[in-house]
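Working notes for the structure below.
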Amino acid sequence: GTPHKYDPTFKGPIYDRGCTDIVCCVLLVVAIVGYVAVGIVAWTHGDPRKVIYPTDSRGQFCGQQGTPNAYVSLAMGALGTPPEKPRIRLQDCSGPPWLGEIPLMHPCVRCFQICVNRCPDRFLTLLSAYSSSDMEYYRQFCVPGFSNPLKVSAGNPTPESPLAEDASSCRPPLSLFQNPIEILKNQECPAMLIPSTPLARRCLPAVQAKQGVIMVANETTYDDGTGRRRNVTELLEGAKKANLVLEARQLAMKIFEDYTVSWYWIIIGLVIAMLASLLFIVLLRYLAGIMVWVMMVLVILVLAYGIFHCYLEYASLKGEAGSDVSLKDLGFQTDLRVYLHLRQTWLAFMIILCVVEVVIVLLLIFLRKRILIAIALIKEASRAIGHIMTSLLFPLCTFFLLCLCIAYWASTAVFLSTSNEAVYKVFNETACPYSGQICMPETFNTSNVTKTCPDAQCLFAFYGGESAYHKYLIALQFFNIFMLFWLANFVIALGQVTLAGAFASYYWAFKKPDDIPAFPLFSAFGRALRYHTGSLAFGSLILAIVQVIRVMLEYLDHRLKAADNKFAKFLLGCLKCCFWCLEKFIKFLNRNAYIMIAVYGTNFCASARNAFFLLMRNIIRVAVLDKVTDFLFFLGKLLIVGSVGILAFFFFTQRIKLVQDTAPSLNYYWVPILTVIVGSYLIAHGFFSVYGMCVDTLFLCFLEDLERHDGSTEKPYFMSPGLQKLLKKSNKGHPDA
């Protein structure tokens, strides 16, 4: 951190360094090891099939090999028997089979789910099918193993049994039939069937509208299995969600078809955007000053025209009725056009524009030198990128690492959320001391429960668990999202330090480009990992804590939306605003701290302090450079995205006659156009993010150079000759000056 005496072998301050923030480095390593352990535990206990595949009411997957339902792949919601006392509420009937809460169940009817081979295509109740030939069709929608309604408790009839005579006949006696109530009680068949369509391995009501009338299979009412007629509109809410999914699926298929015939043209468009971004960065070396000054002159001319137009409107309203009414007398009006008929309105506009015009002109006069410095730094950044072209590809490495972090977080979150085990509980129709207790289906029939309560059943209740692991699942999910923020911020910080180190090696090369190292980007990456992993972990940890707090505040805000406590909402809004500002400030401070780490190799706190006070001592230069670069980046993105987007529009809509026959035929021409526009923006943003990091790095190095050196033989300037000439400085008496 001290000024260096010049000697021919000196390569700048970026090489004098040691390990920093070792404690934070150790903490990061421990956290990553713990994160890997959490992932292993989650992958051991989790089962993502719970998200993909439906289950029946016993918690068994539909259509999965090695399960009782291996050959029935669809899940269908079903109605059971009305219990004596309702123990399952209406909303308990919702779930994956219906993709939402469908108020079709009677509040005293138990609902359950079964696995079937295909969805029903007609309305039918068990009572009507039981006494007709439809029972053969109805059996398809009963639980696996239910082959017929015949049930003999003592076993199948034999010739020696008293029932042999009836058993040899075409139809068994009625005494051998299982009562429909018993079928429903045992949850072997649904009480009714509804015409349904398969979606995501689930049967959903086939609701459709014909001439404004909601119908299911051309019916407007249906029997709910209890003898009551219900309107099909009660299925509407769940069907809406199902229709949305179906429509989305059809839309996705058409979009996929468009991509299959236009993907190579999309790639060509993205390549054009990449070349345009590269060309724009190269041209900034020569056209940055022209673009900035032309834009400023245009702003002044536009404001001048605005003043002139306001004066014309003000003069034209002279003598017209009602135009001299003051704004105070008129008061507030919902129709804003009323104000445009007042002379006072145009006078106010003219005064405001005059003030803005004068302020801008004065700023340009007094800040012209700082604007020239900003333009010179932007040109110097273009030269630096020209000597370190690999820096333009480095965002791909950062993007790849971010994708790994997000993929690991998402997979761990899915496995954690599916780590719960199937919990079975005792259900019964009559009073039973074991009611509601946890049971095991494998041993239930031989337990004391069936002896005490003959009508009791061991049924699937929910997914959960009683072990210590299951009790701390929420804490593990919180740790998972915290590590996502920490690792993502660490990856971004690593990218920023690497780029800053590479561009700093360019600035601190006394003879440019001869003194630039052979592989500046890889050298900077190695220095960042070898010496400053702890500092990067420290900065990213602070930012991750703030971001997690913001996520918690957003969650609280979501939960309090239905509340009427205005003070709590106001307080929460203030906290959200404060932490949003805090996050922006920390990102700004971290970015400049990482540059100082790359340059001087100091720890995070010292780098953040030095960078902050250095910027505060040059606050006007910071503001001017920030606005000039923001304008150039905005102009560059607008030109690149706009030009490529317009070209894609004319091409895919077949309005370019030269390539009219080449353009593919599409379902939606906006699909490739939007893809090209979004991709062009991301490409331009990636290029300009590197360029912005280069400008910020060179700017901080430039400020350090001004404060630490004086142009003497012992302390020569490292800035380019162009900057020296602009500042009227030079390396006096230096052999290479």
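Backbone N, Cα and C define each Cβ position, glycine as well.
According to TrEMBL, the feature transmembrane segment maps to 21-43, 263-283, 290-308, 346-367, 388-410, 481-510, 531-553, 593-616, 628-652, 668-688.
Away from its own ends, the transmembrane segment (593-616) comes close to residues 1, 13-14, 16-18, 20-21, 24, 493, 496-498, 500-501, 504, 508, 524, 527-528, 531-532, 534-536, 538-539, 622, 696-697, 700-701, 703-704, 707 of its chain (Cβ-Cβ under 8 Å, at least six residues beyond either end). Counting C-beta pairs under 8 angstroms (sequence separation of 6 or more), the transmembrane segment (628-652) reaches the transmembrane segment (263-283) with 3 or more such pairs. Through the fold, the transmembrane segment (388-410) approaches residues 39, 278, 480-481, 483-484, 487-488, 491-492, 494-495, 498-499, 502-503, 506, 516, 520-521, 686-687, 689-690, 694 of its own chain, all at least 6 residues removed from its boundaries and within a Cβ separation under 8 Å.
Beyond its flanks by at least six residues, the transmembrane segment (21-43) meets 408, 411-412, 415-416, 419, 469, 476, 479-480, 483, 486-487, 490, 532-535, 537-538, 541, 603-604 of its own chain at Cβ-Cβ distances under 8 Å.
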